[in-house]
Each structure stands twice: as C-alpha cells, then as structure tokens.
2 protein chains.
Amino acid sequence: MNVSHASVHPVEDPPAAATEVENPPRVRMDDMEGMPGTLLGLALRFFQFLFAAAALCVMASTSDFPSVTAFCYLVAATGLQSLWSLALAMVDVYAIMVKRSLQNRRLVSLFAIGDGVTSTLTFAAACASAGITVLIDNDLNSCAQNHCVQFETSTALAFISWFAALPSFLFNFWSLASR
Amino acid sequence: MNVSHASVHPVEDPPAAATEVENPPRVRMDDMEGMPGTLLGLALRFFQFLFAAAALCVMASTSDFPSVTAFCYLVAATGLQSLWSLALAMVDVYAIMVKRSLQNRRLVSLFAIGDGVTSTLTFAAACASAGITVLIDNDLNSCAQNHCVQFETSTALAFISWFAALPSFLFNFWSLASR
C-alpha cells in the first residue's frame, strides 16, 4: 500500500467573526460616489468651475483691482481653478458616457496633485483677499472710496469654489492611499 | 474501499511575477518614518512649534498689530498651532520612550483632523497677513509709517510653520486610508 509521506499539520481555521471584527472591511474609495468619472464627481467639478469663474468676473469688474497685488493674484488663481475644473469636468463627462473607469494609479495621482495645487492656490488667494477686504472695510472704514461689496462678493465666491474643490482632492488622495 | 467524492478542480497557480506587477506592494504608512511616535515625526512637531511660536512673538512685538484684524488672527492661529504641536511633541516623546505604537485608528483620525484644522488655520492666517504686508509694502509704499520688516518676518515664519505641519497631516491621512 503506498502511503504518502507528506506530514499533514492540522491548520485551525481562524474563527470568521474574530477576523472580521479586527479588520473591518476597508472602504475602497473607487466604489464611492465623488470619485472621478462619477456623477457626484462631475457635480463637484461644475460647482468649482461656476464659483471660480464668478469670483474672477466679479473681481475683474472692479476698475481698481489691478492696484492691489492680492486681488490680481485672486484673478489669476481663480482663472487657473476654473480652467482645471472645466478640463476635468469634460474628462468626467467622457468617462461617464463611455462607461470607462478612471481608477488607474497614474491618473488618480495626476488628479490628486492637480486638485491639491489648484485648491491650495485658490484658498491662498481667497485668504489674502479676505485680509485686505476686512482691512478696508472694518479696520480703515474706507468703503466709500472702494468697491467693498464686489471685493467681499468675489472673496466669498472664491472660498466657496475652494470648498467644492477640497472634497475632490481628499477623495483622490484617499483613493491613492487605499489602492 | 472508501473513496472521497469531493471533486477536485485543478486550480492554476497565478504566475507570481504577474500578480506582483499588477498589485505593487502597498506602502503601509505605519512602517514609515514621519508617523506619530517616530523621530522624524517628533522633529516635524518641534519645527512646527518653533516657527509658530517665533511668528507669534515677532508679530506681538509690534505695537500696532491689534489695529489690523488679519494680524490679530495670525497671532491667534499661530498660538493654536504652537499649543497643538507642543502637545503632540510630548505624546511623541512618551511613545518613543515607552516604545508604544500610536497606530490605532481612533488616535490617527484625531491626529489627522487636528493637523488638518490647525495647518489650514495657520495657512489662512499667513496668506491674509501676506496680502496686507504686500499691500503696505509694495502697493502703498508706506513702510515708513509701518513695521514692514516685522510683518514680513512674522508672515514668513508662519508659512514655514505651515510647511512643517503639512507632512504631518498628509502622513496621518495616508495612514488612515491605507489601514
């Protein structure tokens, strides 16, 4: 009789419940709404573009904005933000229409870095403009000689655009880390 | 003769090289320097505290900072940043001395949120102060009546403190996502 010599060690099956409790199923980001190529992701891009473009137009409509460096920077940063969001909105529309996933590592890294840079620049511009708007409005009380309403409106719109851009960055960064 | 009826399907072993290429080993953040409870993490906390405290002292040394809202905000934000970084530096020292890991989910979430909030507030304050400093210095050329050097130094120190706080946030956030 030919008996196999492989020594068999009884391996205990780890109790399923225990392992499940210790390692709760990780939330894989690519299944979640808000990621590139999803409707929520597209909605975020739309709002980013809308508010950034509005902030740019309101600030550019004031005749004296070029005399303040921070306001020129706001126009530049919101211009960059609207171009970036518009481009990515088009990518999202394309991905949704052809049902193509945008979840490969290189693309997600590009999105995360792009979102990180543009949202930081927009936030910085909004904060600098807010500092000056409060200085003119509150500290110096010289709204009579300045376009305070436009400055405040444009600054607020830039903050809202940043507020819509932040989730895109966090979603992409989380997706990158959880691959 | 008792023959087992379990039907055996020949399962092909996936070629090791192929699987390795598709899923490159994920970088588990808790093994990396820079995380809480590591020397690099402690060094980051030290620089955050040092530059935030320095920015606070330089701005507070100017007699007229209370007349500008943004500068008051800079003093408050850098005060919060230095307290937060000092507290976490102590936690790091304790963890290193007793060789205790700080990698449980709740702690890392707390660190990530705390770092995110304090570094964003510090960055916002630095940008607002930068906007006003450039306005006074460059746009209005009125450094003769103002403490331009202190304003510029304090703003620069606040930016450096933010620059040291950003990696802490990104490390913790990445660690949270890759659990």
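Including glycine, each Cβ sits where the backbone N, Cα and C put it.
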**Asked** On the same side of the membrane, B:PRO36 and B:GLU152, at least as Swiss-Prot annotates them?
**Response** no
Given the transmembrane segment (B:39-59), its same-chain partners at Cβ distance under 8 Å and 6+ residues beyond its ends are 33, 65, 71, 74-75, 78-79, 81-82, 85-86, 88-89, 92-93, 96, 122, 129, 150-151, 153-155, 157-158, 160-161, 164-165, 167-168, 171
Same-chain residues at least 6 beyond the ends of the topological domain 'Extracellular' (B:137-155) with CB under 8 Å of its CB atoms are 55-56, 58-59, 61-62, 64, 71, 74, 126, 129-130
Spatial neighbours of the transmembrane segment (B:116-136) not adjacent in sequence (6+ beyond its ends, CB under 8 Å) are 52, 59, 68, 70-71, 73-74, 76-78, 80-81, 84-85, 142-143, 146, 148, 151-152, 154-155, 158-159, 161-162, 165-166, 168-169, 173
Per the Cβ under 8 Å criterion, with at least 6 residues separating them from its ends, the transmembrane segment (B:156-176) contacts 29-30, 32, 34-36, 41, 44-45, 47-48, 50-52, 54-55, 58, 74, 77-78, 81, 85, 88, 103, 105, 108-109, 111-112, 115-116, 118-119, 122-123, 125-126, 129-130
Given the topological domain 'Cytoplasmic' (B:92-115), its same-chain partners at Cβ distance under 8 Å and 6+ residues beyond its ends are 30, 35-39, 41-42, 45, 84, 165, 168-169, 172-173, 175-176, 179
What DSSP reports for the topological domain 'Extracellular' (B:137-155) is 11 helix, 0 strand, 8 coil
